[in-house]
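For 8-425, the entry in TrEMBL reads domain 'Major facilitator superfamily (MFS) profile'. Among the features that TrEMBL reports, transmembrane segment is placed at 12-35, 47-68, 75-91, 97-119, 131-154, 160-181, 217-234, 254-277, 284-302, 308-330, 351-368, 403-420. Feature annotation from TrEMBL assigns region 'Disordered' to 436-462.
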Amino acid sequence: PQGIGSPSVYHAVIVIFLEFFAWGLLTAPTLVVLHETFPKHTFLMNGLIQGVKGLLSFLSAPLIGALSDVWGRKSFLLLTVFFTCAPIPLMKISPWWYFAVISVSGVFAVTFSVVFAYVADITQEHERSMAYGLVSATFAASLVTSPAIGAYLGRAYGDSLVVVLATAIALLDICFILVAVPESLPEKMRPASWGAPISWEQADPFASLKKVGQDSIVLLICITVFLSYLPEAGQYSSFFLYLRQIMGFSSESVAAFIAVLGILSIIAQTIVLSLLMRSIGNKNTILLGLGFQILQLAWYGFGSEPWMMWAAGAVAAMSSITFPAVSALVSRTADADQQGVVQGMITGIRGLCNGLGPALYGFIFYIFHVELNELPMPESSSGGSVVAQYHLQQNSIIPGPPFLFGACSVLLALLVALFIPEHTNLNVRSSNWKKHCGNHGHPHSPQAPGEAKEPLLQDTNV
C-alpha cells in the first residue's frame, strides 16, 4: 500500500535531486537577499547562520538516525525534506524569518543521513559503495545545473519567480515521498515498543568522537580530516558570496563557476582518483590532494582578479580527491567489525566542521574588516564592479584572509598525514569497539556487524 513498486536506490536519488535542485535555484537570489538583510557584517552573519545550522545538524543526526530505525525511513525522509525546504517561501515574505528558519532547520537538515540508511536497507554490502556514489553524483548533478537556471530566470523574470519555482519543486519532492516512496525498513525489523530501543548512547553525537584516541593511526587520520575539512566547510559557506560581492562576479558567472567546479570535481573523484590510487598509492594520493588544497586556498587568499578565481577553482577540483582517499584508506586498514565505527567517527568530525567552519570564516572576515558597506553596482562587461574595485583597493595585499588561514590549517594536516603509515591494521581495543558497535549500530538491521552503523551526517565529496 505504501509507495510505487519496491524500495530502490532510484527513489532515494530522486528525493535528493529534487531537494537540492530547489536550493540550487536560490543560489543567486540568496546572495542578494543576504546582503540586503545584513548590509553590515554580511560575512559574519552568514557564517553564524550556517554555523548554527551545521552544529544543530551534527547534534541531531544520531538521534534522527536511531529514531528512523524504529519508526521507519519514509516518515523521516518526509520530516527532513519538509523542514529543510520550509525556509524557501519565506525568502520573499520575510527575509529575517527566512534566515532564522534556516538556522533552526539544521535540527532536521540531515536528509543525507536518512537517505544513506534507506540505501543501506535495500542494498548488499558489495553494491553499497556504488549506490552511495550514485547518490553523491546526483547531488553534484543537481548543483551543476540549478544555479545557472536560477540565475537566468532571476535576470529575465525576477527573483520572485525563482522562489515560486523552488517552492513548487520542494512541494513536488514532499508529494513524491508521500505517494511514490515505499518504506525500506520491513515492519518485522522494527521493535514492538517505539521508545524501548532508544538510549542516550545512541543519540549522543559525541559518542564516536570519544573513541578517537584509542588508536594512534585513527587519531592521525581524524586530525588530518579535521584540519583539512574545517577550512573547506567554511569556504563552501561564504565563497560564492565572496565571488559575488568582493570579486565582482555576476550571477551568471557564479552559476557557471559552480557548474564547472562540479563537473571537474566529478571527473577528479572518478577517473583521476582511480588512476592515482593505482599508480602512487593511497597515502600519496591523500598527500597530493592536501597539496592541491593548500595551493587552492593560497590562490583564493591572494587572488585579486576574476581569472585567478577560475584558475584556483580548477585546482580546487583536484583537491576534492582527499576525502575519498581517506575513506578508502580507513576501509582498507580497519577490521571488518570496525568499519562502521571508524567511518562514523570521520563523518562525525566532518559534521562538527560543518558547524565550526562557517562561523570561523565569518569571524575572520569580520576581524579583518572585509565588509560590504555599499550596495553592489551593476556589473560591467568585464565582470568587475565599483564595489569590487573599492574593496580590492582596501585589501589589495590579502583580499581573502580566511583562505590563507585555511591554507595554514591544511598545511598542518599535510604534516600530520605524513606520519600515517601506508599499510597497517587498526588494532584498536576490540572489546570496547565491538561494544561501541553494538550500542550504536542499527539493532534492527539484518546487516553484518561491520555494516551495523552507517555513517550519519555523511557529506558529499563535491
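The first residue you see is number 1, and the count goes up from there.
Cβ atoms are placed via backbone N, Cα and C, with glycine included.
The stretches the transmembrane segment (97-119) and the transmembrane segment (47-68) are in mutual contact, each linked to the other by at least three Cβ pairs under 8 Å (pairs 6 or more apart in sequence). When Cβ-Cβ distances below 8 Å are used as the criterion, the transmembrane segment (12-35) is approached by residues 42, 45-46, 77, 81, 84-85, 88, 91, 95, 98-99, 111-112, 115, 118-119, 134-135, 138-139, 141-143, 145-147, 149-151, 153-154, 159, 162-163, 165-167, 169-170, 172-173, 176-177, 180-181, 240-241, 244-245, 251, 254-255, 258, 372, 375-376 of the same chain, each at least six residues removed from its ends. Within its own chain, the transmembrane segment (254-277) is flanked in space by residues 24, 27-28, 31, 137, 140-141, 143-145, 147-148, 150-152, 240, 243-244, 284-285, 288, 309-310, 313-314, 316-318, 320-321, 324-325, 328, 461-462, which lie at least six positions past its ends and keep a Cβ under 8 Å from the stretch.
Note on the transmembrane segment (351-368): residues 41, 43-58, 61, 205, 209, 226, 229-238, 395, 398, 401-402, 405-406, 456-457, 459 of its chain, located 6 or more positions outside it, place their CB under 8 angstroms from a CB of the stretch. Against the transmembrane segment (160-181), stretch 75-91 shows more Cβ pairs under 8 Å than any other of 75-91, 131-154, 284-302, 308-330, 403-420. Panel annotation: around the transmembrane segment (308-330), residues 221, 224-225, 228-229, 243, 247, 249, 257, 260-261, 264-265, 267-269, 272-273, 276-277, 282-283, 285-286, 288-290, 292-293, 295-296, 299-300, 339, 342-343, 346, 350, 420, 426, 461-462 of the same chain, lying at least six beyond its termini, place a Cβ under 8 Å from a Cβ of the stretch. Counting same-chain residues at least six beyond the ends of the transmembrane segment (75-91), those with a Cβ under 8 angstroms from any Cβ of the stretch are 15, 19, 22-23, 26, 29-30, 33, 64, 67-68, 97-99, 101-102, 105, 107-111, 114-115, 118, 159, 163, 166-167, 170, 173-174, 177-178, 181.
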